[in-house]
């Protein structure tokens, strides 16, 4: 510290204590701007607003000078009064001699050099000249760069000298005050000022400059200057001739002359005026073509940049903005067709914002009258505020961010989309964003958006559901496309008409209190409302949106316990929405109830609803036929659907028995490797591959599988198997072939391991990857049972055989992102198409599900060169496209059967979200991307020969609603083409396999060669050759999807019914405490198991002590108490209410685990919360 005397001096003197020693210096910055020249330069040139004001004043001065010249001409009495200032006029005889001399060819030069100028007019013109010339000299001084002659000899300064210096000279010499000065040349100076003013105006107002409008104004100003100069010059030079003209006559002559008409009523009669007009015509021929060329060039550039959506239109109209890197014709047409399919959006405008120039196809589309009036293209970037201003993003109703599919690196495409989304959020935070991205790990960056569709999430989930429910991809695709159901109605084949008509079904919504479909079912159970609305109106009620506290907002088939309320939003499937439907009386009598729907069967219906719930999901795959003693000679009847919910509590013994039998059958198989002997539990995956994964209850391994054991064909210390055959799986496997391990594959595994599957129905999953997956991805999927990976390619036959294609139920081929065609987008699928076709040739019995990038390439799947029926469908597709169908590809057999799928079909999911804000949540719940307590899921059941007693779809609807409370939504029907009864018209018109003898002979030889090749490779790999299914690749059947058929549609054997099954979990607490299952590397001891299991382990110790693994369901809670469970997996109402009250308590942060053990007949049917 400083000594005390220095501190005291600082206290008294402060900053002045060191003022005398000269150590502190005051520095002044930017002293160069304090000079007079710099200040003038700042005021006249640098400063935007001050320079703009000065240029506006100059423009006004130049225009006033031109107007004063016009006034002087109008006040002129004629050339006979032209003389110097205050000079005496010539006598009349002398003036007449002059006129006669002029007629003889003489020129009156005095009339050219002198004019009549009043004194007041001279004063005003002189004042303006002084101001103009002073300002011109000042600008020359300020813009001096070292070459003064360049400034003095410039065209603008010379015009200033010619127009202003003569007036200044007349101040000092009075006789020259009447001298002629070409003041009309100030119009050119006004034009130059106007050009400079445009730039300053746009800079000062900070608005984007329109080059086209500026060029147009400059061209107009140039044309006006040429005309004005010619008019004034011709009028003045004609003063020296015989025929004197005024300004109007001169204007008429100039216009006629410049337009090359030349009537001849006016003409220059002296050579000065003739020479002047020749010079003006030459100037026009030189100046105007240059201006027109610049205007045309600017116009073409403007056409490339597109238009601009004005603020006035944005205030009076409604529009949406579509942002994308490239605008492909297919993508834009899909958006426009789907967007404008809604009646309420007909008055909306679509602004396309893209940094790339549109191709010729897009230009043609934008010129179609239907789109030209409603679609505006703007070339620009969403990262630039100026381009967002051109699109009026801040006034838009919504902003759609479409991902570009032509990127070689889809991660880079997502990064571009993310930056665009952030830029729009920063520029217009109140505009809703509808974003489409590829990678699920990028969702976290756009979580603020109102609606986000991740392609990999939906794609893999849909492909997984396609393995569980054949045709699920076709079902969802048709539901998400707007159609009137008119496709195929002109066809002679019955399945075309049925398939096309039912394809018009979509998901709609309406408030129950405002609905005629569902209004009468207020206070009734959900299943009751669903069945009766379908029987009465043909609509399928599949879900609700409720505002009840403690319920998930959107619920699919909440079950009979849910009571319909007036405020509920009902989700239903129909051809059109209720508001566009007319209600007409039926042709026959009033609708009668189905057989057995009397009150006497109500008790039976209530009991069957609980008793058969598990049976439907268990080993029994067909519907029970009523016992003969119950029918009493009548045809089989179906119990009615109860109108109110009920408690399901006392029928768990049979369920536990069935579950125990299934568990024993599942665990007694000898296929398990040492790494697969860990306990299988139900819980939430502890590790997820990316952020934003919703909690999903799945089958998990209690102990994570070692990463070495996950490699299918690689031997390790725990496993000696080197091919799929040696694993001896009880079920056929599912093979997923991809070029790399995308994190979206997680959404392929989860639906196949969902908690509602029977443990004996779990199919092994084999990931066939061309590149080795990352260790983090393997760690995330290592907790799932029966999941393996193998490095290989579908192009290699040995890799397919080792992966177990002969043991596969389905082979899912994901489109390769690395394309070998950079020239044409439609060839991007060529490597996938050829590889799948080779696989189809080698293994025709395997069900192959393929994902393509272009929907138009679906015609190449399972291609048969001699398939005449495929050619017939090709012609039909063209006819449907000509009729205006947007989904003309729907009749292609691979798509109708659900064997091919294009991710671009999911784009409509984002488009429909603009008017159906629930549709994304709806599809996520339907496909199992999300799980919610009380919400159902997509499932299926097969109609067997024993089930044909139900006869019709309507009776099946009643049977399901009255027993298992499942909601049917469609049928996947396989039609045998060799059956004449099933398709008589079909066989009369075309043949599926119409081959000539030579083609048939060649096909047989080809089959023998393929069989020999495959069997030889199997022998070399040590695989049993009898596993190879040697069948012909001829098509003997076709499959298609029937969405929401009517009640009278007969059922056929082999039909697969799409169902929305109610969720067995109704407790919201389970999902709030997701991640409660903890995966441990070391296997816990039996004591630890008994301590963790609590009472449940003790209750089942006698019957389950000898088992090496147990079937467990782990959850969370805080206290230890015995809670009875409902049969659907939820809690009974008293305990459920108590749990709901506890959800608001701080005890949610603690942990617990619920173990449900498959009990023997002597075990108690309850769960224990520990």
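Each Cβ is built from the backbone N, Cα and C atoms, and glycine gets one as well.
Here's what TrEMBL has on this protein:
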TRANSMEM  56-75  transmembrane segment
TRANSMEM  119-141  transmembrane segment
TRANSMEM  153-173  transmembrane segment
TRANSMEM  216-238  transmembrane segment
TRANSMEM  275-292  transmembrane segment
DOMAIN    317-453  domain 'RCK N-terminal'
COMPBIAS  618-633  compositional bias 'Basic and acidic residues'
REGION    618-649  region 'Disordered'
REGION    1076-1152  region 'Disordered'
COMPBIAS  1097-1106  compositional bias 'Low complexity'
COMPBIAS  1107-1117  compositional bias 'Polar residues'
COMPBIAS  1134-1152  compositional bias 'Polar residues'
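Counting only same-chain residues 6+ beyond the ends of the transmembrane segment (119-141), those with a CB under 8 A from a CB of the stretch are 37, 40, 44, 54, 58, 61-62, 64-65, 68, 71-72, 75, 151-152, 156-157, 160-161, 163-168, 170-171, 177, 181, 183, 189. Per DSSP, the secondary structure of the domain 'RCK N-terminal' (317-453) breaks down as 59 helix, 30 strand, 48 coil. Away from its own ends, the transmembrane segment (275-292) comes close to residues 215, 218-219, 222-223, 226, 229-230, 233-234, 237, 254, 257-258, 268 of its chain (Cβ-Cβ under 8 Å, at least six residues beyond either end). The average pLDDT for the domain 'RCK N-terminal' (317-453) in the predicted structure is 91.
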